[in-house]
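Notes for the one structure printed next.
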Amino acid sequence: MNFSVTRVLVFSLLTILLTSISIEVGSVFMGTVSEGGRTLGSHALSIPVFWAFLVLLFFCVVLKALARIKLLTRAELLCVLFAGLMASPIITVGFWRFAIPNMMAYPRAENFVGLDAVNPNLWPHGPNLTEGVLTKSTEMFMDTQGSVQWNYLTLSDGHIEQAPLIEHTSKSAKSRLRVYLPVGDRREDTVIPGQNYLISVLARAEGLTPGSYYYCRLYNGKNARFLQDAFSSSEEAEVTFQQKEGYRRLGTYGVVFPVQVQDSVILELGLNGTGRVVFRDLQVMNVEAIESAYRSRTVLLEKDLEGMTDTEQANRLIEPDNLFSFAGIHYLLTAYIPWRDWIRPLASWGSFLILTLAATFAIAAIMRREWIDHQRLPLPFAQIPAFFLGSKKQETDREPLLPDGWHNRFMWAGFAVTFIWCLLRGLHEINSNIPNLDINLRLNAYIENPYFQRMLAGLNLEVIALYLGMAMFLELNILMSLLVGFFLYRAQFLVGEFYGLTYQAGFPYQLDQRLSGYIVYSILIVFFSRKYIYRFLKTAVKGVGQGEEVLSNRQAILLLIASTGGIALWAKIIGMPVGGTLINFLVLLSIGLVAMRLRADCAVPGSVMFPHMYFFVAFAGGVAVIGDQGVMFAAIISVVLVYFGFLVIPGMQLEFLELGRRYGIKRGTIFLVNIVAVGGGFLIGGWIVLSGIYSNGMDSFPDAHYYAKGPWDSHYYLLNAEAVTDAPEISETSENPKIRPATWAVIYTGGLVSLVTFLRHSITGFWLHPGGIVLGSTWVMYHVWASLFVACLARFSVLRFGGAATVREKLLPFAAGIFLAAVTAQGFFFIINLFLFYVADSTQLQFGLL
């Protein structure tokens, strides 16, 4: 049977669609698997993707058995599986899960200082109805009263801008400027009554006396009837890194103009009392796309419109009577989503994701030969799909219905034992009369020493079947390295308790240690690969043939350069600082390089194993170097992309490159699958996520608190000049020169990673892997260490008493059975939860991972 790109494309998109629906229903609507970083679909091998894969494999077997029809070849199944695996992180915590609250947090919270630092192309809103009005670059109707004059201002960046100035010397003086905004019906360039608006302006006030204030008010244009105050303030100018001229952004969110307003709305800016105020950059933007995401969009049936007033119909979706008509199909495809306001954010974020993953794909193509062919890295998690698919060489017309792995009795032994264990654990959550077989022990309950209690605080010996099955595919020295690295990190609490350091804020500076480990290890990876990279560049210049590689050396280098240049162009187009964006991009790639390398030999079965890259901002010079938008962009992508799971994808790209080569998949198809994965995860996943949000409203979700505000609100201090550029000067004239404790933490982790890396490259047989140090302080280790410990004991025992052949022929099939049972049991309870939640209307569901 010949390989078909069409079949791969169709079934890949179907798999991504089913994965998106499963994640949205399980993690968001029911909230049964949505704990922190363990959200459904966020793991190193996505559970919902394997559900779709197993269903597809079942249909392949049935069709082959009953009709002698081979639906998909093994190579095609591999393509479909990896398309889903690479798309899954984007659908969940790798992008969409936290992108929504991060996009909407600042405008909804009326954090106007932060809003100025967020590029407007990255969050959904309508056009600015007052664009250029205060610079007189638009013909919008205005009138003034009192001492209002237009002056030309020279801004800190050298630009000259016209702006209105109001200046009074009398306490009783009043002056105002009025802007008339047209009212329309569903036209984006007009005010739409009944919808939410964001109104703000930059103001610089000086010399205000007690009782003086400046303001923004709203009136009905027809009769000049007062509607509401947008803001009123007596705050004077304050110079910051963000606003070097001393302007403050003031305003309000959620202004709803009553439906009785028909002709126009008057927006009035003014000053009462003594003082001087300059207004700039007036913004009036429709934010109905934000507010309706929290409270959902109301739907009216077309047949119910008769007799309803315009007020009753305002801002409601109309569902056509015939859903099979053109209007009905359009209604279904739009899926409640206000696409007009989402076009710019989707285009901006989508292009950034594509360029980033194109760059990581190029890095994977560059490093594959060095890591896989020369260093023989094992790709532990790639062994799981390879086990269930079998090898390409075994695929013949007379092959059995299922590959050889499915006929292994040790696999079925692992499946049987684990499935029964998971079944009883899940049933206990639904019915407490069933015995609880969870392995979850709080270590401090058995320890009295206060120093060890501090070291082990919050640690549970919790074994998760999914993690256990995946962990057994790791080499013994890797398992030991991960455990040693984790407890070396935890030992800092013991030492800190002994010396009284634990009472210092932030000790042991976990976030700094994470970033230090990743950045230092990325430098060391490049350093120890320098000879290979040099040879690679030489052959790229000479244009040597690509052999079996997906990309030739020249193509890989050009793709990396083009992606970097594309990011610079992207920043220029959307108005981001190019230098700051490139710094963020290069840091992102360096973390992605480490993530790729770790997955190739030192992988962990979770996804939250990455640093908060915004800590690099201080080292890069803060706001002064990369700009306020660069700093905020670092904070956003740190949570939306880096920390939770997006960078699992580069490791999968490397795995798919190698498995694709082994299965004889054509180069163009491998590249196409990567494109389908990124595009499908972003567009199909986004369509499902956004339709779920606008149909139900985020306030109704079980974990609504995650959506109420951006999880990076607490990191806003980065925009504060003192925090961002905080680097106490150490000079010879200082009486007590000191290095900050956080800096010592960075030096400690970076130094330890360097030491272990050099020893591993210098001493043959040195077993400790630097990945253990890099990952020791990460969040995921809290939840997987116990499963790694059990896997380490099992692998050591089998290796000690049975040898390497027993590990390969018996333990690994048994581990594959554990993984399959965990995925199957999770799917079984997903179906049970659907029935209990939607049919039985019960809240007694099975929660968490099995």
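The backbone N, Cα and C atoms fix where each Cβ goes, and this holds for glycine too.
Just so you know, TrEMBL annotations are computer predictions that nobody has curated.
Features reported for this protein in TrEMBL:
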TRANSMEM  46-66  transmembrane segment
TRANSMEM  78-99  transmembrane segment
DOMAIN    328-697  domain 'DUF6785'
TRANSMEM  346-367  transmembrane segment
TRANSMEM  464-489  transmembrane segment
TRANSMEM  515-534  transmembrane segment
TRANSMEM  555-573  transmembrane segment
TRANSMEM  579-596  transmembrane segment
TRANSMEM  608-626  transmembrane segment
TRANSMEM  632-649  transmembrane segment
TRANSMEM  670-694  transmembrane segment
DOMAIN    746-835  domain 'DUF6784'
TRANSMEM  779-799  transmembrane segment
TRANSMEM  811-840  transmembrane segment
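DSSP labels the residues of the domain 'DUF6784' (746-835) in these numbers: 79 helix, 0 strand, 11 coil.
Within the same chain, the transmembrane segment (78-99) packs against the transmembrane segment (46-66): three or more Cβ pairs sit under 8 Å, each pair at least 6 residues apart. Confidence over the domain 'DUF6785' (328-697), given as mean pLDDT on the 0 to 100 scale, stands at 89. Under 8 Å from some Cβ of the transmembrane segment (779-799) lie the Cβ atoms of residues 36-38, 439, 458-464, 467-468, 471-472, 474, 476, 479-480, 482-483, 485-486, 489, 604-609, 806-807, 810-811, 815, all in the same chain and six or more residues away from its ends.
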